[in-house]
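The active site, proton donor annotation in TrEMBL covers E155, E404. Annotation comment: TrEMBL describes D300, E423 as active site. What TrEMBL lists as Ca(2+) binding site is T508.
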Amino acid sequence: MAIYHAGIFLGLRYLNPQANTCSKISGNSPKKSYLSFFQEGRDEYDRKYSSFPDALKVKMRGMARDMFYFGYDNYMKFAFPEDELNPIACEGRGPDVLNPSNININDVLGNYSLTLIDALDTLLVLGNVTEFHRAVKLVIDTVSFDKDSTVQVFEANIRILGSLISAHILLTDPRHPFGDIALKDYDNELLHLAHDLAVRLLPAFENTSTGIPYPRVNLKKGVPPDSINETCTAGAGSLLVEFGILSRLIGDSTFEWVARRAVKALWNLRSNETGLLGNVVNIQTGQWVGRQSGLGAGMDSFYEYLLKSYILFGEKEDYRMFSAAYESIQSHLRRGREACNEGEGDPPLYVNVNMFNGQIMNTWIDSLQAFFPGLQVLNGDVENAICLHAFYYAIWKRFGALPERYNWQLQAPDVLFYPLRPELVESTYLLYQATKNPFYLHVGMDILESLEKDTKVRCGYATLHHVVDKSKEDRMESFFLSETCKYLYLPYFYLKNDKHFYKYIFTTEGHVVPIDQRFREKSWEDQFPCEEPNNEPPANISNCERIPEERRYGLPLKSIYMRQIDHMVGLS
């Protein structure tokens, strides 16, 4: 199909060796359409991208595996039990206790062996059952959440809680999709740890007038007395997947209830005119402090979890909210021509706008927005996903990384660092599963080789401080092992024993969870059949409302959706 060529030719958008990488385009410069890259050299690029030999797949699989182990082994050697590895100094990093206001570090690092926990299910995806068992035992024996650490609720949820739940589910799954990985004498310790952490996060939901949680809690003392009353939409509205699974695993509705209440509270604050939400809200007044509506930082995973919550739990209201949000995004954030690969003007781009009137607020996009093509794939909008992915890949081709912010009007970075983020890799992987087009294997190879060339240091992989001069910062965030390496490995991986493989989905931190009938059921309904608490969030479906059997494992979307779910982690 012609649309599949969009990624190949749009990926060349910025490749001009004569141009200064960071030069600005003058107001008098003629605007060059992306369409020009669809016109020339088709035969050349068809030959280059239309196949990907099996031997090269084996090589890329090995490169991705080696990349993970170089980071993981050095973390275990030089940093464990601290939270992160400083890959240049070859030492561990924990919370910045001397500077509590350093939230860039302290929001994430809680003095609980973050990198080890976050990497658990990646070990399984790579097939290393022995090391997975060793890592699980280390977590059980050494990790405690009884810490005087103030952490961001969102980060603790997606990185720690989500990984503990994922590893527990995979350990105890009788269908053994990753082989027989049962651990002798395992007694649900990871689930108990997850429950303990979630209980320590619950104070964030107390004493808020809206039900939207505080952004941070102290794991030992609760919400700090000097806590701010402002939080971002993604931080408050991206807890439902992990909290919902935990509730259904332990039979306690509390966690799902508070997470769902927060989602509905945010949803009810959307603009009546545009249907959009802002990016920062006051949890006491419900007033929008940040009125920017976009797809990147502060908002990204809110949309992601509306759809993934529906896929996992089957709650109709989750999909109703997602559909309405997606329609508002298409109406107010999308710029460019109507079709990706035909018509006049540039292919589509999603911009940052004022939530109340849809007017453009700035001319930059951030690297987190590169997750959105993957979400479009899950929603069945594959053609738009292909087109949007090509925009981000074009930026990668130009710099060998994604700058944290990129000014699409000036065609230059606004914020120059790249902390090894996974979003573009994730979308690349999902698009490969949806299309099976070898172009995306070439994209994965390009990203792998760029990371190996520009970010590898003495003891791991380092954040790029500057995507142009490739100077580095001494930090390797945990998501590099939990997400980036995983998504780089999966397109080239084949599961020999695929008869045991069934449907999976990834959390926003890349943790593997099954799409399982038990997550469509609530054990507390058996105790209180057909009763709803008076304070149940309106987004929750009545206990007596059942989803027809034929819709339990799919959305009423294009057929591509079910194909995508069947191959969710590429083990085919």
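Each residue, glycine too, has its Cβ placed from N, Cα and C.
Note that the structure is a prediction, hence the values are computed from the model and not measured.
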Sequence-ordered list of residues in the chain of E155 (active site, proton donor) that lie 6 or more positions away and have a Cβ within less than 8 Å of its Cβ, or none, is D107, V108
So which one is it: of the active-site residues D300, E404, E423, which has the fewest other Cβ atoms within 10 Å?
E404
Taking only the recorded positions D300, E423, T508, which one has a CA atom nearest to the CA atom of E404 (active site, proton donor)?
E423
CA pair E423 (active site) / D300 (active site), Å rounded to integer, equals 11
Restricting to the same chain and to sequence separations of six or more, state which residues have a Cβ under 8 Å from that of the residue listed as 'Ca(2+) binding site'.
I158, S238, V241, D300, S301, E304, Y305, K308
